[in-house]
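Features of the protein shown, as given by Swiss-Prot:
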BINDING   G162, G163, A164, G165, V166, G167, K168, T169  ATP binding site
Amino acid sequence: MNVSVEAKNIGKVVQIIGPVLDVEFSADQMPNIYNAIVVEGENLAGTKVSVTCEVQQLLGDHCVRAVSMSATDGLMRGMDVVDTGAPLTVPVGTSTLGRIFNVLGEPVDNLGDVSNEGGLPIHRPAPLFVDLDTQLSIFKTGIKVVDLLAPYRRGGKIGLFGGAGVGKTVLIMELINNIAKAHGGVSVFGGVGERTREGNDLYAEMKESKVINEDNLSESKVALVYGQMNEPPGARMRVGLTALTMAEYFRDINKQDVLLFIDNIFRFVQAGSEVSALLGRMPSAVGYQPTLATEMGGLQERITSTKDGSITSIQAVYVPADDLTDPAPATTFAHLDATTVLSRNLAAKGIYPAVDPLDSTSTMLQPQTLGEEHYGCAQAVKTTLQRYKELQDIIAILGLDELSDEDRLVVARARKIERFLSQPFFVAEVFTGSPGKYVSLSETIQGFSQILTGELDDLPEQSFYLVGNLDEAIAKAATLG
């Protein structure tokens, strides 16, 4: 973040406790809450240090308490502190595409500076009610299982649940690819408090699948903002807002549809809890910060559709000790419009995307929103899969032959549906060799309707595996002949 203050308001560090600093200013020049202040000076080794902090409390006696956005190693009492007079300001616009930033909006990919003309502050009000787009509309992803059974709302929030190695990253990259191709939109990825290795792997995979175009960065489809788990709590608490601010520019100024990924929303709450304890606030339920709902609401309310464009957010949700009643996931659930649950059992069967069709949910799955045809097809698919699930114990013990003719037909159709829910991805072409498929909603509904009515009972179930629409399944059946 560039600091250019003509009449510098300078204070002095009076106390340092880990990532928390107390700074004294003159009585008539106290900085505002959320102002960025920068500690400048030399440490004992003679090395220049510059640490940006954010004002959190006004203590009295002309002192403020601030939380550091980077390590406070080498800082000493008596060092000069410059009040920038504004909140943290980060670069926005097309120059951010294909780049990796830290919480301060500084590029960390060794590809040179980014122009910060007209950067935006990370603390901004949510859109006014009169500016919101209140029309319920589906955000079409081109992914069959999502569009049919747990459709995303345009401008909504989606929770992504899944353990390690079940295909979260590939699903995220496919969504980034599809929004760029089908909606002319862009994506912003906020890595909040996760592993550095995962961030590096994601960057490498994005370059390999051309989501990030190394030869021409402006043709990239995503901007990345990272605050890893080794960063101070202040950085992890604010990196989500940095990513959101970049996304808001694409929505409000460029009038685009934007996908905002937050991985992981739990780490945002966790960092807020650490900061709250460092500031001496009384903890609330299970040791979380008393302002948990306010902080979560402040972030989530800015993620919405306006009359200009939309931000649709997909948030990975870590559930501590698998306890869904923990205040962090429980507060997150209140804001979600849909959940996409990834299943290890489906991944083990080789069915990708491994989205669990029975556990994934959406508030959009209503006949008045989707239309009778879509809703009826989705419910029939779920009913068939549920019946198959109930019959699996019987099949395991007695075998298929002991089922009634009706149940055998249900099982055969359910197995076809299960395989037809798989799909080759564009971003997976490099390691599967199969060309990716974007399947329109009408083709998806048509395909599943025909499986349910029995029109395709004579096709082998293998012909439905890893294909796009129904025509491809029929063509594949001819080759299996």
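Using N, Cα and C of the backbone, Cβ positions are placed for all residues, glycine too.
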(message) What is the set of residues, excluding G162, G163, A164, G165, V166, G167, K168, T169, whose C-beta falls within 8 angstroms of the centroid of the C-beta atoms at the ATP site?
(response) L342, A347, A354
(message) Using CB atoms and a 10 A radius, I'd like the single residue among the binding-site residues G163, G167 with the highest neighbour count.
(response) G167
(message) Can you tell me how many other Cβ atoms are located within 10 Å of the Cβ belonging to K168 (ATP binding site)?
(response) 21
(request) Would you mind listing, in sequence order, the residues at least six apart from G162 (ATP binding site) in the same chain with a Cβ closer than 8 Å to its Cβ? (result) K168, A316, V341, L342, S343, A354
(request) Look up T169 (ATP binding site) in the DSSP assignment and report helix, strand or coil. (result) helix
(request) Restricting to the same chain and to sequence separations of six or more, state which residues have a Cβ under 8 Å from that of V166 (ATP binding site). (result) L342, S343, R344, A347, A354
(request) Check each residue in the chain of T169 (ATP binding site) that is at least six apart in sequence and keep those whose C-beta is under 8 Å from its C-beta; list them in sequence order. (result) D201, L202, E205
(request) Starting from each candidate's C-beta and looking 10 angstroms out, tell me which of the binding-site residues A164, G165 has the most other C-beta atoms. (result) G165
